[in-house]
Amino acid sequence: MKRKGSRFERELLELFWNNGFAAVRVAGSGSSSHPSPDLIVGNGKTFYALEVKMRKELPLYIEGEKIRELVMFSNLFGAKPLVAFKLPRKKWKFFTVADLVETERGYKIDESNYHLGKDFEEVVGKYKQERL
């Protein structure tokens, strides 16, 4: 699973670089004693700290501690915290903490909030997705 996750992190890293954002993978994210996201990206004006997730199907559950650490890092770094989520044969979706459904032990993305995720093009400022 770890190898597959890093493959998706590298895919996303390339996507940001190809769209005018500098991007780095954080070594040891998830195993450090300090809060650290999976990716940090920015273009000089906009900065994101990303927790990268992939799953074969909904729902996706995320530990509350992971999100708290992402928010803490983002606040200290001056970045916007986002969860980048990929389902097979679907485009990347990006969720703010407010987009996530809170559960007893953390957060989730399911059928009720998946539509709230922003497309990659919106995250990099190519267009604004219209919300119905």
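Numbers run from 1 along the shown chain.
Glycine is treated like the rest: Cβ placed from N, Cα and C.
Here is what TrEMBL says about this protein:
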ACT_SITE  SER29  active site
BINDING   GLU9, ASP38, GLU51  Mg(2+) binding site
SITE      LYS53  site 'Transition state stabilizer'
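GLU9 (Mg(2+) binding site) sits 9 Å from LYS53 (site 'Transition state stabilizer'), taking the C-alpha atoms as the reference points. Mapped onto three states, the DSSP output places GLU51 (Mg(2+) binding site) in strand. Here the CA atom of LYS53 (site 'Transition state stabilizer') lies 9 Å from the CA atom of ASP38 (Mg(2+) binding site).
In sequence order, LEU60, ILE62, VAL83, ALA84, PHE85, LYS86 are the residues of the chain that are 6 or more apart from LYS53 (site 'Transition state stabilizer') and have a CB within less than 8 Å of its CB. In this structure, ASP38 (Mg(2+) binding site) belongs to neither helix nor strand by DSSP; it is coil. Using a 10 Å radius centred on the Cβ of ASP38 (Mg(2+) binding site) and all shown protein chains, the other Cβ atoms total 22. Using a 10 Å radius centred on the Cβ of GLU51 (Mg(2+) binding site) and all shown protein chains, the other Cβ atoms total 22. All chains included, 20 other C-beta atoms sit within 10 angstroms of the C-beta of GLU9 (Mg(2+) binding site).
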